[in-house]
């Protein structure tokens, strides 16, 4: 399959622009997601497990289909794609979605996520399989090693933080509690911090504009959520640890 350079270029810039616009929007309002969903509002709601599965699936399925049905460039690019990007979305689609205890999501949020994940799945998959070429020693490059270490560290933090959140409440409990343990001792949005580290690591390991544009979108998208969660905890719990930051340990 020939590299669609213009498509890659425009999709990457669209990711950057959409990320910045989403950041600006979240500075003034909450995205109706998770605890900020009004389940009594009009409009169709999608159960949490179903919504997460549907919206995350394209990010796994599109690159895998490209890998299986098109001729890709030889080298480390396709392996990097499979063992970072696709591995993350395999976990989010087939593991996280089955375990989550979250609230239902509005249908329009799920549809928006499906559209983004489909486009981004093609962007990352097509670029890594058909466009980028790494030299034979890339796996020994400092950027690759650093990025991969960051990716798996972030993934471990993300999965462990999700585990803590799932087990905060006993069956039948509905009130929120202060998360403790792991990276939650340093930041309120430990799961978000882990995912940000993941995609920044992915960007460093890939060293490409599409990967960096996705990392930026992730920061703009979930960074403000961590900030809103942090303010929620501070306002709700008088004994909330004042030393915790929102998303970046010791800084922000």
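Heads up, the Cβ atoms here are built off N, Cα and C, so glycines get one too.
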TrEMBL annotation of transmembrane segment - which of the ranges 126-143, 144-161, 162-179 it falls on: 144-161
Annotated stretch (transmembrane segment, per TrEMBL) among the listed ranges 202-222, 223-243: 202-222
Of the residue ranges 86-104, 105-123, the one that TrEMBL records as transmembrane segment: 105-123
Counts of helix, strand and coil residues, the domain '3-oxo-5-alpha-steroid 4-dehydrogenase C-terminal' (104-252), according to DSSP: 102 helix, 4 strand, 43 coil
